[in-house]
Structures are given as structure tokens and as C-alpha cells.
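**Student:** According to Swiss-Prot, the protein carries these features:
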REGION    1-131  region 'Q domain'
REGION    130-163  region 'Disordered'
REGION    184-349  region 'Disordered'
MOD_RES   203  phosphoserine
MOD_RES   217  phosphoserine
MOD_RES   232  N6-acetyllysine
MOD_RES   245  phosphoserine
MOD_RES   259  phosphothreonine
MOD_RES   263  phosphoserine
MOD_RES   267  phosphoserine
REGION    269-444  region 'SP domain'
MOD_RES   312  phosphothreonine
MOD_RES   317  phosphoserine
MOD_RES   321  phosphothreonine
MOD_RES   328  phosphothreonine
MOD_RES   334  phosphothreonine
REPEAT    476-514  repeat 'WD 1'
REPEAT    690-729  repeat 'WD 6'
CROSSLNK  712  ubiquitin cross-link
């Protein structure tokens, strides 16, 4: 390591001819120190040079990673577009005359024959257009600093080769580089000036600091994108235990505030690339982990330092909720649109590509030109939204555009309750394109074909359709609110928590304390459902106990009128017949108990669910009952004949359901985060995708024109019946476990995991 000519070591004392002096020894030590210092300095300079090269290599690697990722998405996107266009052509061709059919078929075949020469010419033309566009809008592009190893920077890839792959990469790379923001140009200039000054500097540490400062401003952000993409890929490969609610314990602590929907850079309702972030952090030791009233079962109540206080057995389903990897009865899938339980469909890279519009400039716009913008349900109805990554607005890179575009709100949503949460990163041209947002409502035909729903022009307008809802009161219950119900006429709200139901008078604005408290069940057992009889004088309460409690509210002080005891250790949901003579209770053993309220006796049980029955609703005429269970089934029962009519099988546990008061439609909330709207006789259905986690409760408005659903993702969503246009959306601070709508459709009440109920006024 050291040259042979280094200073010799001093002779040992006693050798002949040596005279020891302190000054000479000091001089030798000084020379040795200077030599070592010079060696150290040269090594330091070499180290700094290598560190700078490493930084540059990492930066280039991230750039190429972005480009390859974007190309992969683009390839899948264009493949899917081609499939869909072929399907459309195949459907339209039979309507043509025989002569025209032959001409069209020949034209289609010719269109499929794309030679390498044509491909190279097209890519070269796109490069020229992008360069002219960049010169016109931003002036001359700022070139990258010279690469230390002599490699060509990605902004100027070679275009002389005949390989179409290299040409495609070059086209994308050059345009991605030319489209960099002015702010980044400033960073590049600043970095180059700093490099030129520091390369001549004596102190290499200054150079290192300068390069690290530049890296912090530009490269770390790209590495963050890369990490996000890798995180997304890993999340799509397996199901997180945090989102698998087989034991049906819902985290009721305040959820991670860093969920994408809270971020001010994103709009609430869309499913996008990084949607799963922040949804995996559940607190299983929350002392109040419980699910929703009348809609969501809970097999356990987890308490710190305690065993399960409820006599409810663990109801973990023997049938694990499978991933929706293949088409199964009840959950239809389309290539590239596979949905994972507990995760949005956008988590699949292919699905995210299909759901992420980039630009409107495309030759595929014609087949859908007849649709007006408010008829579209996001991007999938408009193939014109799928232009190549080379058409990305200049402010955005491929990955950034994909992530940002995935969060824009659909144009048919008439009211945005969170204006600060809109996707501020989107340029106005992209944020306002018609139909350029991800689809969230799909029609699933009898043969499993999934298509985005074209909304009618009156989807969000007309009599009986609300514009939005505003929060007017908060009822601090003090425990997790698993059950809520509203009196008719609208005056009192009943909130069920741990061991008691509290009654609130909402006719008095600003009322902060309950007017009464009904202690029932055991103190440590949660109320799961409470239902008022139509006369408003009787309240029936069920929960994590084998007993249903009937309260007389007409007496001066509410009192227990009777108790109904079943063999099941818990009741998850209740329903009352329209004539108020019969009560139906969903039992944790899967049975549906039928109670005669006048004689206070059990008159029959509907048996069919192989796991706990979680949710229930009754038809408006009182002839049909609908139940959902942890066995992944929804069943309908004929109340006159006392037998099962239908059974719908799904790939996810059923947590909530509601039957439309005007008939025909049944809405079902899933553990997999989907809402499905079924027709009572037809095999086709609608599938809605705005929730990010389990759908815990669901309720139809009494007019039947809309319904609301709430979830573990803290969201309250209002939907149009039956096709699911999003009317409004509200985000709470914790899981929303229960909900109810007043008989006049003017108020909504929700119960949540942060120990309160929220009263909303519906604005028309």
C-alpha cells in the first residue's frame, strides 16, 4: 500500500554510528505524519469520487426503474384496450351487411399487422413531437450532468439501433426527461454548478455534502416512489392479517391518520396505486374491539389483561375467506380487475394500469364518443383515457401521474365534502377531463362479465336525491357505539355501547348529555343491535348475551318489560316485522330465531347458515327475510311458508345488508370492502368499490332511491340505488360501526369506534 521509498525506521540504540537526538526524532515523526496525511487525503478524494458515482448510479437506476415500470403498465393497459376493442368490434360486426362485414374484417386484420419499420417510424415521430412540445412550453431542455462512468444519461438514449425495445425505452426516457418540472431544472443547474466548483476543491467532504443535498431534493423522492411501488407489489402478493377479519374483531381505536384518504393531496373516493398504505395498521389489543350493530358480527371482545368476557364462542369462520384469484359464484372477475379481500382492486399492477387514466389524446376515443361526460363512471368507460405514457403532462413522471390520477374524484359526484382533499398534484387539464377518473361502479352480468356503469344524466339530481350531508351534532356515548337507531318522528337517538343503551334528544340543538340510560346485558358485554317498534313505545336490545331485552319506553321511567332467552350465546342483529308482532334475531350459531312479541315466546328458527348470522333485513310487505352470514352466503326466506327461497354464495364474509323499501334490490356489504347490489330475481348485479376496508353497516333511505354504507376505513358513503353513483362521502376519525336513517330521510346517525355517535343532516 505504501511506496518502498518511505522513511526508514530509526536505528536501535547501541548501533555504531548512530547519535540519538530528540529534534531528529521529532522531524522524522513529522515527516511520517505528513506522509500519512497525504495518503489519507488521496484515499478520501477517491472515496468521495466513488460515493458521487454511486449516487449518480442510484439516480439513474431509479429513473430507469420508473421507465420500465411505466412501460410494463402501458403494455398491460394497451393489451387490455385491444381486447376490449376487439370485443366491441365482434359485437358490432354482425349488425353490418355481409359485404361490409368482410371489408371490416379485412381492415381489422390489416390493422393488426404492424411491422418493425412502422413501429420505429411511429416512435421516432413521437419523439420529435415531444421535443417540439417541450421546446415550445419550457424552452430548451436542461441536460443531465455527465455520467461519471461515461454512460449516456437517460434523457438522450440512442435511437440509431433497430431494436424496437430500445426505441420504446428511448422514447419514454427522453420524454420523461424533457417533461421534468422547472423546479427540477433548477435543481439540476444548481447541482452542476456545485459539482464544478467542488471538483476543484481541496476538501472532498464539501463535494459529498453538496451531492447529498442534491440527492435529498430529487433522488430520495424518486426512491420513495420506487419503495411505494415495491410495497404495493408485495402487498398484492399476500393478504395482511390486519385486513383479514375472519374473527370479526374490528379495530375501534383511532386508525392510522396517515391513510391515503386523509392526505390533503388525495380525494376521498377513488381507488389508486398506493391505497393499501395505512390500512394495515390495526391495534388488536384495543380494549373495545367490536363490530357493528345489526350489521356486523363480532366473535370476540378483546380487553387488555382480561380474557374474553362474553360467553360468545370464537366465531372464526371454518371457511377461510379466499383471495379472489379466480372467477367464483358471486364475485365475478375480469382479467386485470382481480380484487383482494380487504384491499382495493387497484392494488393489482394490471388493475391499477387499467384504472389509471393518463391522458385523453388517443385514437381510441371514437367508439365512446356518443357518451356525455356525466354518463361515464370513471376511466374504464372511456378508452380515450388510456393514452401512452409519452402523453403525460409535463409536470409529472410516469409513476407520479399514475398515482396522482388514481385519486381524482369522478366527475359525476356532484358534491365533494372534502375540497381540501382533492388531488392538488394533478394539473387542471388532467383533473377536469371528462370520464378521466377511475371507475368504481361495475355491472356484473349473469356470465360474469364486468363492465363500468354508464350513469344516467339524473344520477345525482332529481327529487329525493340528496346533495350532501352536514354534521350537526356529536353524541359522546363514552364507549364504542356498536348500535344506533332513530325514533319516528325524528326526536330521539338510541346509541348502544358496552352494557347500556343511551337515549339522546336531538331536537334540542347542542345537547351534550343523554336524557336516559338503559342498563342491559352484562356491564362488559356490547350491545350489538337495538330496534324500535313502529309505535316508538318499545325498544328491543340484543348483543353479546343469550338474552334479548324488551324495554317499555312509555312508562315514566323506561323499564324492562320482558326478556327473551335463546340457546345461542350472542345476537348480532335484529329485525322487526312491519306489523310489530314478530322479532327476528341473528344468532351467533347461524340460526335465525323468530320471536312472538305478544306472547314473548320463540315460535321457530330458520336454519341454514353454517356460521354466525351477521345481518338481517325484512321486505317492506313483511313476506320475505334476507340474512347474511359468516359462511359467505346471503339467504332469503319465505316468512309465510317458513322456508329458504334463495342462496347467494360469495368469496367473502357478509357483514351488512339492506333491502330496498321499494323492492327489487338488495345491497350487501362485504369483508372484502366491496358493496354488491343484487336484484331479487335477475342474476346480474352491481359491484361498488369505494370502501377501502370491511363494510360494517348498510341502510337504505326510506324513499329507496339511495342508501348509505359505513366501514372500517372510517368512511360513510352515500350511493344511488341501484347502480351506485357516489352521492356524497364523509370521513370520520375511527371505524364507523353502525348507521341509521330517519323515517323522513332527513337525518343520518352513525356510531363509531371513537366512543361517539355523529348526527348528520341530509341536504337536498
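Cβ from N, Cα, C; glycine included.
Given the structure is predicted, the values throughout are model-derived calculations rather than measurements.
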**Student:** Could you give me three numbers for the repeat 'WD 1' (476-514), the DSSP helix, strand and coil residue counts?
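**Tutor:** Secondary-structure composition of the repeat 'WD 1' (476-514): 0 helix, 16 strand, 23 coil.
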**Student:** Per DSSP, what is the helix/strand/coil residue tally across the repeat 'WD 6' (690-729)?
**Tutor:** 0 helix, 22 strand, 18 coil
**Student:** Count the other Cβ atoms sitting within 10 Å of the Cβ of the residue listed as 'ubiquitin cross-link', across every protein chain shown.
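**Tutor:** There are 32 of them.
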